[in-house]
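Worksheet: one structure, shown below.
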Amino acid sequence: SFHFTCVVELAEQSISMISASLLPYKNHRVLFIDKGQTGGHAEEITEMLKQLDLEPIVVKDESQVPPPEIQDPTGKDSGHAYDVIIVDSVDTARNLRTYDEFKYIPIVLLCPVVSVSLKSALDLGITSYMTTPCQPIDLGNGMLPALEGRSTPITTDHTRSFDILLAEDNDVNQRVAVKILEKCNHGVTVVSNGLQAVEAIKKRRYDVILMDVQM
């Protein structure tokens, strides 16, 4: 065993650090399904969402969720009522994805101990996850990717596909990247290092080459 000593600066806890990033999402609606698995921090999370200028709707389980569709004064559907869903268990996220109205709303997972694989997170559309208790700035940083993802329209009509060369030496990262790219109807050729990438581009032309800076 070993130990070491280091000197670090105290982290900035003020939400002013991310206020500018969250400003475009002011008053966006956040559905919080609180099944009591946040370690007793549900009320704190609700208050922190309000501090972040988000509008929390808190329910105890899926059966209490108000209808997600909202209507304009003429009675015409004008969009989903929820921009992000917070859950405190993977099972709740999995159950939500069985409902058509919740299939594409970004999910944030909050619980004392996070035990979720990268594959499960991708499959269930969990954009971020963190342990509780947490600070408002941590929650804000976790909410931001979900809010940004919700603001981008999701399309299943990927009319343009690319021929992509992926240079990646980690097997897990290869599988994850290929799954994401192929889901968007792109063709993917995988190599394990920079030398193989050079050889590959000598043989054919690619629209995009993905590799890390070390390669």
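Placement of Cβ uses the backbone N, Cα and C atoms for every residue, glycine included.
Record features, source TrEMBL:
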- 163-215: domain 'Response regulatory' (DOMAIN)
- Asp212: 4-aspartylphosphate (MOD_RES)
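The DSSP secondary structure for Asp212 (4-aspartylphosphate) is coil.
Mean predicted confidence for the domain 'Response regulatory' (163-215): the pLDDT average there is 88.
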